[in-house]
Amino acid sequence: MSGRGKGKAKGTKSKTRSSRAGLQFPVGRVHRFLKKGNYGSRVGAGAPVYLAAVLEYLTAEILELAGNAARDNKKSRIIPRHLQLAVRNDEELNKLLGGVTIAQGGVLPNIQAVLLPKKTAKASK
């Protein structure tokens, strides 16, 4: 047991845990945040990978819907209004982010039916 051997070859490059998991979100940073926060005395190796994957999925879902909202408004740049429309028009995301206020998001367009002008018989002729 001299401590030598079974080490890395000199030419090999280190792979990040994010690239090993096939993620864009930083697994190492999520692990550091989990350790730094008061979530538990120990953090397993799989927990930050799973959490990073969930965060990446939610981000991709919101950006997909916000991109659709931007395209519907003939815009090429996503603004907070598009994020608001995306989240509030999706039932599950609205439930998840129900207590969240998006700055500069505005409100959903909604006019009560009783406030709309009444349709008369003359208008239909």
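These residue numbers are counts, starting from 1, taken along the chain as shown.
Glycine is treated like the rest: Cβ placed from N, Cα and C.
Features as listed in Swiss-Prot:
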COMPBIAS  1-18  compositional bias 'Basic residues'
REGION    1-21  region 'Disordered'
MOD_RES   Ser2  phosphoserine
MOD_RES   Ser2  N-acetylserine
MOD_RES   Gln104  N5-methylglutamine
CROSSLNK  Lys119  ubiquitin cross-link
So what sits near Gln104 (N5-methylglutamine) in its own chain, CB-to-CB under 8 Å and at least six residues off in sequence?
Ile79, Pro80, Arg81
Mind checking how the region 'Disordered' (1-21) divides into helix, strand and coil residues in DSSP?
5 helix, 0 strand, 16 coil
Around the Cβ of Lys119 (ubiquitin cross-link), how many other Cβ atoms lie within 10 Å? Please give the count over every shown protein chain.
8
